[in-house]
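Worksheet for the structure shown next.
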């Protein structure tokens, strides 16, 4: 592209970073929030009581409720109360497709809970951008690849990686932004690389099905069978004869002794002679992600039909990499570590985007440059505001919408999503009509106020909800400080020494 | 030699990065899966895990190479790798 390798890489880093950085920022922010998806779920649905009921008791009550209301259903799904998710939810049909009824774990009675996309929205947006799932994972996968390329080119062009590791020159305009971008990148480089690569590994066989195509003629079912993931045959004959369901509590105890804390269970063909009870572990019992694992019991005799498989080295490697991305292990200390590392990633991306404009501000931001160059510069500036502070505004607006929208509103969940995207578009428009600095300050201040005010919406009955409100308060104060700094910052001083801009991406 | 306009070069290199990179990582994974001395189920996983390293390499290559034609080298490299990976299928088509 350019004369030297480093210059070519700097060019790639700058332009790929700018064009894809806006969406990458959205992916990293929502991913960071999704670390606490269950906690946000709980906050966004204040009707769910925070109780401490043993899983066995909760499961018995759920089964009793389903016996009374859905005795003929082909499948019962039960999500048990856990440390992070104290609700008890029952459903019929496939668990993935949502729906279901919230029960009070203390009484086993149905409770009215508002419809809300919950923190799960951030999780879904993180890997689909709210596009149809199959499109979304490819778009996000391509963006992750750009992130990986940006990280590697960043290392290449950053020659003095260790010296500058200890360098920070505050209050120097462009220099400070560059130092900040470099420091946040280098400080957590292993995390940035890990989270990006493991993100790609989650859907690697959807992205690159080459191995399955070459060795299994593209037959993914044959591949899954070869992995030993074949499902137990469903006993169709027995499923037509009535049967008496076994007590689930001893089975739960047996599964907990084997798997650790449990997440939930499925009962297939309940009340028939072919009933099967599948008990799932919580995802975070070990680093390797246990998604899709279950112990299967006979629903009449209680006999163990199929244990969780031991993973061979290769699948275990993939599971551990995926587990490192999902961050379900290690409890709350690990969750906070991921959250903070995720924040640093977001800050790195945002500071890189800002740096692009700060660097060109003197050249294109005034009347001396060509009109077309000035127009493009303005587009970058507006997008920076709209995609950074605008996205933050959209995220906090979603939290407000979950509490403020009328509970009885029809299609409440889609209104929450419309609020999210509506606020985002408004923020982009606002950035388009205001001078850049004013737009930054106004939007960041609004985000700060909305974050700080989250507690005013009430419904902080338990420690988890208080935690959400306090965390939002801290984030709000920090963002308020940023807004204040941006507001009072003087325009960047002229650099003392020119010609040192190669490593920054000329 | 006539220099293509800048936007055309960028477009060509971006396409080389996207498609050439995909072809290379696909073919390299297929080839690795075929050659690794593991059971088929394990070979698929072990061969696919490094796929994105190849992809990243191809993206960097597409923008680092001296001229816009060389940028397509990963695509050329993909052909023999794919042939190795899909050797039995290729023989089947010939027969």
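Even glycines carry a Cβ here, placed using N, Cα and C.
Just so it is clear, the model here is predicted, and its values are computed rather than measured.
What TrEMBL records for A:12-36 (among others) is transmembrane segment.
Annotation comment: TrEMBL describes A:135-157 (among others) as transmembrane segment.
Look at TrEMBL and you will find A:178-208 (among others) tagged as transmembrane segment.
Counting residues 6+ beyond its ends, the transmembrane segment (A:336-358) has Cβ neighbours under 8 Å at 14, 17-18, 21-22, 24-25, 28-29, 31-32, 35-36, 173-174, 177-178, 180-181, 184-185, 187-188, 191-192, 195, 327, 330, 377, 380-381, 384, 387-388, 436, 492, 504 in the same chain. TrEMBL lists A:336-358 (among others) with the feature transmembrane segment.
For A:379-403 (among others), the entry in TrEMBL reads transmembrane segment. Within the chain carrying the transmembrane segment (A:379-403), a Cβ under 8 angstroms from the stretch's Cβ atoms is held by residues 18, 22-23, 25-26, 29-30, 33, 40, 43-46, 114, 116-118, 121-122, 350, 353-354, 356-357, 360, 415-417, 419-421, 423-424, 427-428, 430-432, 436, 439-440, 443-444, 446-447, 450-451, 454, 457, 459, 472, 479, all 6 or more beyond its ends.
Taken from TrEMBL, the feature transmembrane segment applies to A:440-460 (among others). Beyond the transmembrane segment (A:440-460), the same-chain residues lying 6 or more positions past its ends with a Cβ under 8 Å from any Cβ of the stretch are 43, 46, 385, 389-390, 392-393, 396-397, 399-400, 403-404, 427, 430-431, 434, 466, 468-469, 472-473, 475-477, 479-480, 482-483, 486-487.
Non-local neighbours of the transmembrane segment (A:466-487) in the same chain are 36, 39-40, 42-43, 392, 396, 399, 437, 440-441, 444-445, 447-455, 460; each lies 6+ residues outside the stretch with a CB under 8 Å from one of its CB atoms. Here TrEMBL flags A:466-487 (among others) as transmembrane segment.
Residues 1, 119, 122-123, 125-126, 129, 140, 143-144, 146-147, 149-150, 153-154, 157, 195, 327, 335, 338-339, 342-343, 345-346, 349-350, 352-353, 356, 380, 383-384, 387-388, 391-392, 395, 468, 471, 505-506 of the same chain lie 6 or more positions beyond the ends of the transmembrane segment (A:12-36) yet place their CB under 8 Å from a CB of it. For the transmembrane segment (A:178-208), same-chain residues at least 6 beyond its ends with a Cβ under 8 Å from one of its own Cβ atoms are 31, 127, 137-138, 141, 144-145, 147-148, 151, 154-155, 158, 161, 164-165, 167-169, 220, 223, 318, 321-322, 324-325, 341-342, 344-345, 347-348, 351-352, 355, 504.
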